[in-house]
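What follows is a single structure, written as structure tokens, with notes after it.
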Amino acid sequence: MAADPEIELQVKPVPTVHHHPEAAGGPSSPEAASRISFHYHGPDNDGDKYERCATCHDGPAPYRSRSSRRRSRSRDSTASARSRLQAASVYGEIQIEYRTLSIQVSEAKAAAEDDDDDSLSKALLSEPNPRLDEYFFHLPYHELQVHQLCSQLAVDHTNGLTEEAAALRLASNGKNALPRPKTNYTKKILGYVFGGFCSVLWIGSLIFFICWRPLSDPPSPQNLSLAILILVVIFLQASFSAFQDWSTERTMNSILELLPSDTMVTREGQLKIVPSCDLATGDIVHLRIGDKVPADIRILNHSGDVRFDRAVLTGEGEEIEGSIEPTDRNFLETRNIAFMGTVVVNGSCVGMVVLTGDRTVMGRIARSTFSIKQQSTLIQREIWRFVRIIVCLTICLALTILFTWVGWLRVDHPDFLNIPDMLVQVMACVVAFIPEGMPVSVALTVLLIARRMKTTNILPKDLTTVETLGCVNVICSDKTGTLTKGKMSVKSVAFADHEFKSTEEFHRVNDERDGDMSAPTSALQRAALLCNDASFSPTTMHLPITDRRVQGNRTDAAIFQFAAAGSAGDDLKHATTRVLEIPFNSRNKWMLTLFDSPPRPSEDEDDVRSYHAIIKGAPDVLLPACTSYWSAKHNSVRPMDHEARDSIRRLQDTLSKRAERVILICEKTNITTTAPPRTNAFSSEIALVALSNLTVVGIVGIIDPPRPGISHTISECRRAGTRFFMVTGDYALTAAAIAREIGIFSADRELDTINTIQQITAGGTHPMIQEAKVTNQTNCLLLDGAHIARLTEDDWNVVCSYEEIVFARTTPEQKLRIVNELRNRHNIVALSGDGVNDAPAMRAADVGIAVASGSDIAIDAADLILLDQFHSIVDAMRMGRLVFQNLQKVICYLLPAGSWSEIWPVILNVFFGTPLPLGAFLMVVICVFTDLFLSLSLIMEKEEFDLLSLPPRDHRKDHLINAKIYGQAYFFTGTIETLIAHSMFFLYMWQYAKIPIRDLFFLYEKYGEGYYGYTEAQLDQFRATGQCVYFITLLYMQWGNVLAVRNRRMSILQSDPIRKQRRNPWLVVSILVSLAIAIFVTEVPGIQRLFDTASVPIEFWFIPLPLGLSILFMDEIRKLIVRTYPESLLAKVAW
């Protein structure tokens, strides 16, 4: 490409921060200069007005979704993280469609230059999506001059739209919102009806229908009834799945509607904050770093270093420079359009809305490409892991029964089981072993916890977040606005050779100077006002200065309020016209504003414009570039000497140790350049020239008080076994002082630094090097961002072993690396923040947490939104653990009766020849009705007293279903239930049929006409009644089971369901409902005829009742032993 006279500025991070001028050489040194890279574009040598985009004809770059990035780092960590594939799928479709359209439009533009209109039309019509091509091909907004654009959209670019005009356009064009993807209801309904266990139930229903007719002769009404019952169960499960989907979607939509999404616009000549959905074409929008672009916007003015992240459209991570002039004839490739959904990652700009809603690039593409595939969550994957085990066991058992019948029973006992009876037994085995009510309980548990979070001002953006929170063992938190109030105020003011006792003293001294602009105090007040983007809210201008509301970022607002409080402070800001602004960003750590100075003649007598620059930022970054300072003692500018430089550094350390953010304010006068203003070349030249030979004007210390109760929040997190780290861009000493104040650093611990890490790794044999475990619980660690790039793998092992860490002076890239290094060492990391600097790390973390007042990009990257106090994070962790705990309780409750106690009657019938103790119909009733209601009551259980005092679960080892739960459910509770229920069956047969237990085994076909003198009908009646006795006994046993599994360690005497502390009225209701169901299926004559049930003798409604409590009694003994002897074998195998 030919050289281009127009240059755009891109600022890149410095690998190392030097604190000494002789090391760094100041910003004008080669190292500082290396931070600036230039991008040439514009007219080339052949006079073409536009630069051709180098990537226009390339295929879409491979988009690395959040899920794929995690997989490349750690397979174990991926298993613990929430699924991101849904968003990645959508974004991938958008990126492919965007790149395809861009190529098509570029080719159509080229064809338009070379061919006539007819050939152009042919080119458009030959494309796969000609309507979208034609739409983007004809868009003119990027090529119009500003006055032409204003004329076409009927707007004054200075005063903006009137409220009336905005309302009319909004009514005409609709809300500024993306189209929602259409739901494939056919696919959803088929999933409800045939998905999950329903597919197995369909097979069962079909087999029961076949066993009814034609296999049975005469047709068995019981088989027909079972077939219909299975269909009813399928309908109920499908209905629940549909309701759950609808309820989840409604809950998540209501959550997302609560998220802030406002935009600053100019209307009727005033700055106003309006909802993004209320933007209209022609609105003048103001965007700053961290903002998400709310519509397609034509850039009218920018700070010179504005950058956009278009990864959502292009899939490429490279930042795109903004431009005022068009850089490409293709609307999709030009850089003077900011597209909806992209993010301002650097600088600021003012633009005009040209497209809104589904007319935007994002809206048009989204309409044609949204095809969202739902992904299973971690809990669902755990459930399906369990289901696969159960299904495999069920198939093996069913095949064993089938082969036993074919190879033995059919030969030796041909009259025992005919084909229909055998098929019914096989399906009874399937129904018995699969807990059909489990998916319903699991889904409701997660959904109800998500709703409970919402009531406590915790908004999970997807249900995956709920389940992941229980595993979090490291929280990395930003400081400003997260750990602190974010309400900054200036506390200290100083010059290089004098510190004021208070801001009031500064204003008193300044007022005594009576506006003398040559005084140091006036120079500092003027610089603080002019290098500032804050302003007073127009609605509070009638109030005294101290009572007015300030608009702007926190640091600017604090300095502006301090400077404007002095005499004439309200007018100084408007005394000069700003020519250029380079906003603060976390990489450079400074802000620059440029103003006109009176013109002066040059040597060739041509007029050369002269400028005055004011810069504020971090002292350790700006001080090396300073060569003079305002002296309060001499009332003038003095050359910078070692004494003054050391004084400023000591002052920075002193203020930082008082937990103040230190801002150095500098200026430079008589800056000259021949480049025309508002061009990229101008911005580049100013950035290079201004950052040298600076004059220190003054120093301000800003205090940001900690949030109330933040110390308690940190201590609660640590009590829960979760380490709490600070990751901030602040100066190291400031961060350390805040950490001491709020408890991240314990008062009695010594402070380690990078030198300590290097000393430990130098030996090579320290245990902290070999294992990235928490082994250093005696010292705390303070690391500067400049040192992070130099850390080796061994260094990181040592770093990750500390319990208390503060990472200071970090860039977004360093925050991302911190998260990755922690996750690579099998930590589950939650990162909280509120700014654009936190977004990359939030995306990489297992759980991204944002506060509601944070930037759009931070909220977009987060998985969890805290609407209220930061202490809500503790509640979120507690509820995340509660999800896991309650689901384990549900499963531990369902397995004994819904699986173990139902399979043994089938085994006894097939292999030992006894009458079937429990029929298939009653098995379905237990799994789908009585047990389901009781399991739902467990969902409503509150946490046990020790929930947060337990360590986070290890996602690699602690599965939802483990050997301990199998042991509790099958070999402890299940065995007791099975023995007692069979005992009641055999007791009934002995008392009423006078058949002893020894004569009920190995009967096979003998249990028929004439056995013990009974007719076949009488024997069937005894068997049906005995099955109902078994059913009632099992119901009572499950009552004792549900009372037992409510607590894993606590006694029921400590936490009964009646007293307020652990009250659960749903438990009592569910017991009554299950009893009503039992009475209905055993005592209603119509049900008895349809499903072969019988009335239960009155004594068998009462005899099993105390036996049901035996489960609770035995479990109370187990809990007592576990509490008393926590190191015993029983305690180690207990669930």
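Quick reminder: no glycine exception, Cβ is built from N, Cα and C everywhere.
Caution: TrEMBL annotation is automatic and unverified by curators.
What TrEMBL says about this one:
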type: COMPBIAS; residues: 23-34; note: compositional bias 'Low complexity'
type: DOMAIN; residues: 140-213; note: domain 'Cation-transporting P-type ATPase N-terminal'
type: REGION; residues: 1-44; note: region 'Disordered'
type: REGION; residues: 56-84; note: region 'Disordered'
type: TRANSMEM; residues: 189-212; note: transmembrane segment
type: TRANSMEM; residues: 224-243; note: transmembrane segment
type: TRANSMEM; residues: 386-411; note: transmembrane segment
type: TRANSMEM; residues: 423-450; note: transmembrane segment
type: TRANSMEM; residues: 890-912; note: transmembrane segment
type: TRANSMEM; residues: 918-939; note: transmembrane segment
type: TRANSMEM; residues: 969-990; note: transmembrane segment
type: TRANSMEM; residues: 1024-1045; note: transmembrane segment
type: TRANSMEM; residues: 1066-1088; note: transmembrane segment
type: TRANSMEM; residues: 1094-1114; note: transmembrane segment
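Contact between the transmembrane segment (189-212) and the transmembrane segment (890-912) is not supported, since fewer than 3 Cβ pairs fall under 8 Å when only residues 6 or more apart in sequence are counted.
Secondary structure of the domain 'Cation-transporting P-type ATPase N-terminal' (140-213) per DSSP (helix as H, G, I; strand as E, B; remaining residues coil): 44 helix, 3 strand, 27 coil. Sequence-distant contacts of the transmembrane segment (1024-1045) (same chain, at least 6 residues past either end, Cβ-Cβ under 8 Å): 889, 892-893, 896-897, 901, 905, 915-919, 922, 925-926, 930-931, 934-935, 937-938, 973, 976-977, 980-982, 984-985, 988-989, 992, 1052, 1057, 1067, 1070-1071, 1074-1075, 1078, 1081-1082, 1092-1097, 1100-1101, 1104-1105, 1107-1113, 1115-1116. Note on the transmembrane segment (890-912): residues 386, 390, 397, 401, 404-405, 409, 417, 425, 428-429, 431-438, 441-442, 445, 918, 923, 926-927, 931, 934-935, 938-939, 960-961, 965-966, 968-970, 973-975, 977-978, 981-982, 1001-1002, 1030, 1034, 1037-1038, 1041-1042, 1045, 1135 of its chain, located 6 or more positions outside it, place their CB under 8 angstroms from a CB of the stretch. Long-range Cβ contacts of the transmembrane segment (1094-1114) within its own chain (Cβ-Cβ under 8 Å, at least 6 residues beyond either end) map to 972-973, 976-977, 980, 984, 987-988, 992, 1021, 1024-1025, 1027-1029, 1032-1033, 1036-1041, 1043-1044, 1052, 1082-1083, 1088. Residues belonging to the domain 'Cation-transporting P-type ATPase N-terminal' (140-213) score a mean pLDDT of 84 in the model.
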